[in-house]
């Protein structure tokens, strides 16, 4: 065990929760709510670094590369959670946004705590994905020292990929080996060392921002509407129709009919209705992927 582990911010004992087991339930709720409220502030302090990292990720995605999250334990699960949501939300094809967790798929539901200790396993998992210069790899580790994550990120660098490191400690090992270090320091946890709490919340918030903002930049939205939504169930089909209504001002029946003509693709239906063209012409105009570009509109600089 690393003798310096106890010196990490994420391992320290918070004086505010030193009497945790003696507090009443209401007091505990208020304490945890106060602590969680620190998370957005810590994330906001990294805004300039995050913007630079996201712009670099977008370059890789625009060139056909992948966004790959890698981590162990909570950090790995948060990455998988964000990755799997990108398909239905933004219509990205399988394998474009990937979550890799130490211990494999089983570790999502059954803890494989020892899996994080192998840097070789991290490197091997990246090799299996055939990571290359066109990809962006985001290593996630609250401590910034998890061997599995460090091994994966080092291998990603060796293979020429863009690397981003997300940790919750200042001056972490992870920060030292990536192109874009993000250090979201949220302070000691209410339950000392339990980084599934504030650190986990911070990781989820940052990954939400990386994926969502990247998709916005790639034209996967029109305004704040998810126009590339994959209408794969009743709820999402209804949402797609409402999106077409909101974007075009068309009544429900007209929006539904346009969606049917356009194979359920909200983006195509919007362009077809607004420009008065058929589905094929709408798809041609959407070749660059952006509704605004298809309509001849620009975005703010």
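A Cβ is built for glycine as well, from the same backbone N, Cα and C atoms used for every other residue.
A quick note: this is a predicted structure, and the numbers were derived from the prediction, not measured.
For reference, Swiss-Prot has these:
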type	residues	note
DOMAIN	57-220	domain 'SIS'
ACT_SITE	85	active site, proton donor
ACT_SITE	116	active site
Quick check for the class: what is the C-alpha distance, in angstrom and rounded, between the residue listed as 'active site, proton donor' and residue 116 (active site)? 24
On a simple 10 Å Cβ count over all chains shown, which one of the active-site residues 85, 116 is most densely packed? 116
The domain 'SIS' (57-220): mean pLDDT? 97
